[in-house]
Amino acid sequence: MQTLEEHCWSCSCTRGRDKKGTRLSTWLAQRAAKAMSSLNSLLSLAYHTLASSEGRSLIRRSLVLFAVGVFLALVLNLLQIQRNVTLFPEEVIATIFSSAWWVPPCCGTAAAVVGLLYPCIDSHLGEPHKFKREWASVMRCIAVFVGINHASAKLDFANNVQLSLTLAALSLGLWWTFDRSRSGLGLGITIAFLATLITQFLVYNGVYQYTSPDFLYIRSWLPCIFFSGGVTVGNIGRQLAMGSSEKTHSD
């Protein structure tokens, strides 16, 4: 009799476990089906977005901005390595790739994000441009930006305060000459703060090193370079967006 009761109890427990296992399997299957359905919807949306003219334009602008960021990172790195070097000997040219390999791709990615962000914020705020943009103005902005970086590497200043004030004045002059928008000023300051913070964190942890060992010197010019770089890349992104919109309307 006791054996029969134990057998019945074990059978009921087994059936209970089977029911729980069945419910759990059913619930997991339903969740998996919902997840697959959501994934298919996202993939379909991404495909249709990329297949559209706006999606193709976004990809083209991203690639151009990435290439510009990588190129500027290599050129500006060479200018910093070249401090107090007047000629271009082979050993100096070879040092253009002496930086960490991940720096140019990171700069390219940052340039793509910033360049796409500027026209989006302009469109969201509805802020009108102060003047008509053209590629000649954008090229002059790039030249001034490279000149500011070159000045920070070549010119000798009495102290860090003088260096900071000079580069800050040049950076604000670049913004006033080629931008003059509140969104450009705000984004430039935000980019300068965040990029300087991230860079100093990498230097502090030994992930990245500068050619100059003077930490105070580096800290004094770095925010100005990031600010002017953000304004420059933003102007490139705006010009690319304007060209893409004009081409879309003409089509």
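Including glycine, each Cβ sits where the backbone N, Cα and C put it.
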Given ranges 126-132, 245-251, the stretch to which Swiss-Prot attaches the annotation motif 'KxHxx': 245-251
Same side of the membrane, Asp122 and Ser183, by Swiss-Prot annotation: yes
Beyond the flanks of the transmembrane segment (160-178) by at least 6 residues, Cβ under 8 Å: 137-138, 140-141, 144-145, 148, 151-152, 184-185, 188, 216-217, 220-221, 224-225, 227-228, 231-232, 235
All-chain count of other Cβ atoms within 10 Å of Phe145 (site 'Required for the recognition of 25-hydroxycholesterol'): 24
Contact yes or no, the transmembrane segment (184-205) and the transmembrane segment (59-81), 3+ Cβ pairs under 8 Å, gap 6+: no
